[in-house]
Amino acid sequence: MSTALVTPGTSRPTVARRRRGPSLASIRTYAGLAVIVVWGLAPVYWMVVTAFRDSDYTFDTTPWPTHVTLDNFANVFSTDAGNHFARALVNSTIIGAVTTAIGLIVGVGTAYALARLQFRGKHAVLGIILAASMFPGVAVLTPLFQLFTSMGWFGTYQALIIPNISFVLPLTIYTLTAFFKELPWELEEAARIDGASRRQAFRMVLLPLAAPGLFTTAILAFIASWNEYLISSQLSNDITQPATVAIAQFAGSKPHEEPFTSVMAAGTVVTIPLVIIVLLLQRRIVSGLTAGGVK
Amino acid sequence: MTVHELSEPTTEVVPQPDSSEAPPRPRKGRSKAAMLLVLPTMILLGIVVLYPVVSAMVMSLFKDPTIDPATGKFVDQGFAGLSNYTHWLFQRCTDTTGASVSCPGGTLGSLFWQSMWVTVFFTVVTVTIEVALGLWFATIMNRAFRGRALLRTSILVAWAIPTAVTAKLWYFVFAYDGIANKLLGTDILWTGDTWPARFAVVIADAWKTTPFVALLILAGLQMVPAEVYEAARMDGAGAWQRFRSITLPLIKPAILVAVLFRVLDVLRIYDLPAILTGGGGGDGTATTTLSILVIDQMRQGFNSASALSTITFLFIFAVAYVLVKVMGVNVIDTQEQQRKA
């Protein structure tokens, strides 16, 4: 208060704000919130609207769908123009599921050790894992490309899964370590005192408690693998290409014409599962993101 | 070992007398157990990261095979020393007579410094925009309001969509007849001209990752106790003053972590420029980043591509080192504190 009296210049607006304060502040807040919502959803909304438009009206600017058709979605799943989108979705699911499973199975033990045990070289291990997550995809790709080609693995699922492990494993370990650190360790101690081995205590007491964290980590790992493009675009063929590559290479029925409405429909199909996951798990995803801090 | 157990808040499930008996034994076992738990990860990372990176370094020391005109077969050209590196760094090429000349324009060899510049440009501009906007988003989201769920969803959708879809979406928005030109009343060749193409990439990347930056900063903001603001307000500090001298210093670690992650990400950017502009714009190379150059080079020779990918990752490591050592970004501690808050 004394400062306010000495510097009347700053005190006056403070008083004024206090009187009209709440309403003005909340108007500003809600205006800001509106900006954020529009920022996040407007381009996606435009994609969905276009996905339902007849391709003759691709560049129509009406903010809601006009000349509504489902043809674009039919085109997405048709193989007439050489697209294999349905198969690509299955490929993405297989690659994502296997990568996530490997990441979780291998990562869970390491995360437990990092969160719970004191051992020599712990900081080195943390450093190695962090460093591994910084490697650019191209640094791993060139030698693997040559190796996989010479082994006859080009276009196989394993050739797409193995490179994905390089960024999914560090992600699962970081996220899981953060989740493990939050667990009430007293329960594990109690189980140990009651005669359970460390392994039993981990499996029967800790793992059930960690289930939500494991689930969140699995989702983040799956999304990361689902979204991968660089390596898949170089190492996949028509049979094994994932959805990201299929979308980037989407061909129209007429040559030299970008099939915008069909591509937007394909984008919508790929985005819907993610929107559902985000809707159901937003709180968990946010805590997982800020814990793991990895893209 | 006991320190950990004793420092935990004691609950009724921990009988004190027994736990004092347990610790001595596990000491050795724990270290061994830890090794066993960490080993699979180390082996796997050795296979998927260390092996490729080391073999890239080895490959980079050999010349690319060339086709023998007589037999039509590829012939190994042997050890190259550092010539693959000088090829990129000093843009030295070999002409038909075998002499070392400056790489002619239009060849990939002549593109290294431009690609480096483009990559650094993307990094500086997008990270600046993302942090500035992310900071603003985070302060708004930190206020009390209804509809948090909707907000979180709208902010996470952009983050969760695959970059390939983001690129296609913005390719449509930035089409010549697209909504961007119609809203602005312009007829810019967004993905075709040099600078519009670069800014198209910047805008698409900022759209996609500002939410992620905002979330990281928000986690930092939520650690700032409300009483500090109350006290400052009582002392007559204005909103800007409070932001400058309280908020900013307190959330600096969170901002630095966001900057580190984003810088490392944009330095290896590939998907967006590759799909959105085809690595082109203007003369066809306006958005060619280091990663795109590596992929283009791969089709001409793995060994010189390996040299370029090695340069790329050494550059990224150097930047990470500077950020961590000089600016004092502490990823692990900052995130730990943010979780505890």
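The backbone N, Cα and C atoms fix where each Cβ goes, and this holds for glycine too.
The domain 'ABC transmembrane type-1' annotation in TrEMBL covers B:116-323.
Taken from TrEMBL, the feature region 'Disordered' covers B:1-28.
Taken from TrEMBL, the feature transmembrane segment covers B:33-54 (among others).
Positions annotated as transmembrane segment by TrEMBL: B:116-138 (among others). Long-range Cβ contacts of the transmembrane segment (B:116-138) within its own chain (Cβ-Cβ under 8 Å, at least 6 residues beyond either end) map to 155, 198, 201-202, 205-206, 209-218, 220-221, 255, 258-259, 262-263, 266-267, 269, 273, 286-290, 315.
Long-range neighbours of the transmembrane segment (B:150-173) within the same chain, counting only residues 6 or more positions beyond its ends whose Cβ lies under 8 Å from a Cβ of the stretch, are 137, 141, 179-180, 191, 200, 203-204, 207-212, 214-215, 271-272, 274-276. Annotated transmembrane segment per TrEMBL: B:150-173 (among others), in sequence order.
The transmembrane segment annotation in TrEMBL covers B:250-270 (among others). Among residues of the same chain six or more beyond the transmembrane segment (B:250-270), those with a C-beta under 8 A of the stretch's C-beta atoms are 119, 122-123, 126-127, 130-131, 134-135, 201, 205, 209, 212-213, 216-217, 219-221, 223-224, 289-292, 295, 312, 315-316, 319-320, 323-324, 327-331, 333-335, 337-338.
Here the transmembrane segment (B:307-332) has Cβ contacts under 8 Å with residues 53, 56-57, 60, 84-85, 87-89, 112, 116, 253, 256-257, 259-260, 263-264, 267-268, 290-291, 293-294, 297 of the same chain, all six or more residues outside its ends. Annotated transmembrane segment per TrEMBL: B:307-332 (among others), in sequence order.
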